[in-house]
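For reference, TrEMBL has these:
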TRANSMEM  32-56  transmembrane segment
DOMAIN    48-309  domain 'G-protein coupled receptors family 1 profile'
TRANSMEM  68-88  transmembrane segment
TRANSMEM  147-167  transmembrane segment
TRANSMEM  203-223  transmembrane segment
TRANSMEM  254-274  transmembrane segment
Amino acid sequence: YSSNTEITPAQYCFENINGSCHKTSLSSGIRITLYVVLGFLTILTLGGNLMVIITVAYFKQLHSPTNILLASLACADFCLGLTVLPFSSIRSVETCWYFGEIFCRFHSSLELSFCYSSIFHLCFISVDRYIAVTDPLIYPLKFTVPVSGMFIAVAWTFSIVYSFSVVFTGANDKGIQELVNALSCVGSCQILFNKTWVVVSTLLYLIPFFTTIALYSKIFAVAKRQARMIEMMSNNTQSSDNYSDRVSRRERKAAKTIGIAVIAFVVFWSPYSITVITDAFFNFIMPPIVFDIVVWLTYSNSAINPLIYSVFYPWFRKAMKVIVSCKMLQLDCSTMNLFPN
């Protein structure tokens, strides 16, 4: 062996505290790269979702039950970017938690709240799209703005109450305290869940998930049937471009766009769900780096939805141009028509 070989001393999160966690030493180049990438993701999450919120709030034409649900979903993703991602970025790059145990629980509770809120919002949006596509005549009567507001209240209230009560009462690690004590150290922030709460949390994810999938399966079957009927009618009457046809096409396109958002949610969330379930039943043997990767994969989902809207919603692109060009500060654009004739 070369005589120049150096033994790097172990580094700790808190050098002067007994029981401190080991700190993984990363080169300056890697740390800067990680901060840039995670910082960009955070800014993209904040900027994109803020754009959705402003768009729906400002333009009166967008004050529909569906768009109000979309704006509330964007609020959940925006809050995640504002209150969770900055601290998670520091934890991931520095491999240490420097903000104390109480704030760790608060941070984890916020993380759970916003993530559960997202899945419930997607489920409620699928209910909205299902009624709009399958029963368009009844839809304006059944799914009103107050109904949308009730769904939003349920999504937020349940998510916040459940997340904070489970984490702050200590119910999450009841029965596995010895294992928690063995794995914990000063400078870590990993909230462990016993098997009972892993099952409960998984059901709270799977029930709305499968409900959403079932509804979208029916939505696309109905949309396909409607498209064939409209095509047949247009061949017979040579006048397919009437108002009801345009509305029907718009509803189907909205359903398709939200369906893509649901697929993105499944893709970004499945690795995390599988990891958490597996880890709980195998005594938490998952390497921290693996857990960190799947967590950031779920975070990335919060930045995806605005990108999906910008690709598939012409009205969103049009609204973005008005906002970015600051026309809304010069003129009253709130009543402008965002939909193509």
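Glycine is no exception: its Cβ is also placed from the backbone N, Cα and C atoms.
When Cβ-Cβ distances below 8 Å are used as the criterion, the transmembrane segment (147-167) is approached by residues 65-66, 68-69, 72, 76, 105, 108-110, 112-114, 116-117, 120-121, 124, 127-128, 191, 197, 204 of the same chain, each at least six residues removed from its ends. Remote same-chain partners of the transmembrane segment (68-88), defined as residues 6 or more beyond its termini with a Cβ less than 8 Å from a stretch Cβ, comprise 38, 41-42, 45-46, 49-50, 52-53, 56-57, 99, 107, 110-111, 114-115, 117-118, 121-122, 124-125, 128, 145, 148-149, 151-152, 155-156, 295-296, 299, 302-303, 305-306, 309. When pLDDT is averaged over the domain 'G-protein coupled receptors family 1 profile' (48-309), the result is 86.
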